[in-house]
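Marked as NADP(+) binding site by Swiss-Prot on the basis of similarity to another entry: 18, 65, 92, 171, 175, 206. Taken from Swiss-Prot, the feature active site, proton acceptor applies to 171, supported by similarity to another entry. Taken from Swiss-Prot, the feature active site, proton donor applies to 171. What Swiss-Prot records for 175 is active site, lowers pKa of active site Tyr.
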């Protein structure tokens, strides 16, 4: 088992976009060891190679396909055997639509929820024993959500996240589900001193959004990094770190 002297952070979807930018920012501090997760070994190793030149942190590629329980279980077993525990889990990976242009409505909902909701729920449940095994004083689970998942502002005629501007019912509802899962997990795990916090990066220029967006991936990663590493559990409990990198109270 490898000796870990820095907090160990696992980031899903870390080979591109917000996940890669988050890994980059954490790696640049030299204060964290990273598990760089992607759907394939090739993608994970490619991301590690790009990150290696800018850090003295340990970078370990790991394969995680959120649509496959066996993949998640195998990844957890690898982390347990290699490191013994995990300190911070960042559930970043997600999709906004089915990859099948001919998918039915039911198939489209299922594809997005499979990754964005079921995958995140299974990741958290599977890696929770490793978080419980951690001796780190500030264990965290960060779930990446979206302002589009906030039900109240979907009605607003003035909000940039209004349903009048962005319909996207499948993606929006998947992020609403993540918000509720996060709230329930936060309350449940508070007594174990494991913080569950949400981060909403905003509309960023990544492949996820077709290269469109008002923020760079680097800007979008900042709320994720803050949620993962800054503030106290008391300060962050029940909060969301929004796309302006500020804390939002209950009600999202």
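Positions of Cβ are set from backbone N, Cα and C atoms, glycine also.
Of all the binding-site residues listed here (18, 171), it is 171 whose C-beta has the fewest other C-beta atoms within 10 angstroms. Around the Cβ of residue 65 (NADP(+) binding site), a 10 Å sphere holds 19 further Cβ atoms from the protein chains shown. Take the CB of residue 92 (NADP(+) binding site) and look out to 10 A: across all protein chains shown you find 26 other CB atoms. Note: residue 175 (NADP(+) binding site) has non-local neighbours 116, 145, 146, 148, 149, i.e. same-chain residues 6+ apart with C-beta under 8 A of its own C-beta.
Residue 171 (NADP(+) binding site) falls within a helical segment according to DSSP. In the three-state DSSP assignment, the secondary structure recorded for residue 18 (NADP(+) binding site) is helix.
Residue 65 (NADP(+) binding site) falls outside any helix or strand according to DSSP and counts as coil.
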